[in-house]
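Data block below; observations after.
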């Protein structure tokens, strides 16, 4: 329970949630008194309203761009759209409940509202981290194992992501832990404090299944991706203009994915730290002010991903500029200046085999998402002088779009 000066938000929480040990109750008992001053509630409402509007606008824009422009419809972008859909739903449902409560100086919803707020927040948060994990794995099997990813694979992955997230978010609805009012009194979350074996086991497995394992998979995948790119750059026979472009593309894509993961962790880390404190019996250190700040950081993650897409993916940037010209400025670039939908190619595996009198043969596989380069050693095929680099003989380079 919270104790201390409720009007100023000073005091502490014992980690059991504002609802106490009895779980969610009718609205009147969930938040018996305001935890912040009226001015603080107004500022919180302004911040949450801004986060909600930006989250809805930015993520809705990503969905519109994906729908309108054929060039954006790739399996990788479909995974990015899944994150945007999750963030859009967070902005519509999760932020709205807290925003209205700020306007009313406290939680105004009943038990069902509390359960829905906790369930939706958990569901969409797990969807985001699970999609980032699948995105890392997708890059891993394309780059390291040189396998092609199609839409069927992407749709199956998204289906499993939502089923996996529903299982974890729905467990408290079936009696494995529960959703209670958070310490700041403006939203609901899992009961982190409970020492009951049933509740504690859920918290333990939730940390493992939705934090430790995903981060481990992400670290493993990107470690191998960076190693593969580094090995490819060390092979002198592949230092052609085309391959250099591929390396730049992959490096940029790796930076984008890393930035998305880094942003997610930065936004959610304060909340995760608070949960660890509560689980380990240090809930008295968590004040309502600290709790609401961590909540704002977590919800702000819904705003950043679309900005990352636009700034780091040229296809999104071109599509956005074209949409603005067509819809807002009423000026359309000449057709010859606009890239035709589907005209851009995707990079697939590079398989390289070299011949050099005294050196052993090397085989390098590399995968990307824009063009397929296959460098083979078929003696029946001829090769241009431009395909020979550094005194080595490369028999043929085949390039074909996906």
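Keep in mind that glycine also has a Cβ here, set from the backbone N, Cα and C atoms.
Of the residues 198, 390, Swiss-Prot records the annotation N-linked glycosylation site for 198.
In Swiss-Prot, the transmembrane segment annotation falls on 202-229 of the listed ranges 6-33, 202-229. According to the topological domain annotation in Swiss-Prot, residue 38 and residue 255 sit on opposite sides of the membrane. Here the topological domain 'Extracellular' (103-117) has, by DSSP, the following mix of helix, strand and coil residues: 8 helix, 0 strand, 7 coil. For residue 299 (N6-(retinylidene)lysine), the spatially nearest entry among the recorded positions 114, 188, 198, 325 is 188, judged by CA separation. Below 8 A, the CB atoms of the transmembrane segment (118-137) and the transmembrane segment (202-229) form 3+ pairs separated by six or more positions in the chain. Same-chain residues lying 6+ beyond the ends of the transmembrane segment (41-65) with a Cβ under 8 Å from its Cβ atoms: 34, 72, 80-81, 84-85, 87-88, 90-92, 95-96, 98-99, 102-103, 105, 186, 292, 296, 299-300, 302-303, 305-307, 309, 316, 319-320, 323. The transmembrane segment (288-312) is in contact with the transmembrane segment (78-102), judged by 3+ CB-CB distances under 8 Å for residue pairs 6 or more apart in sequence.
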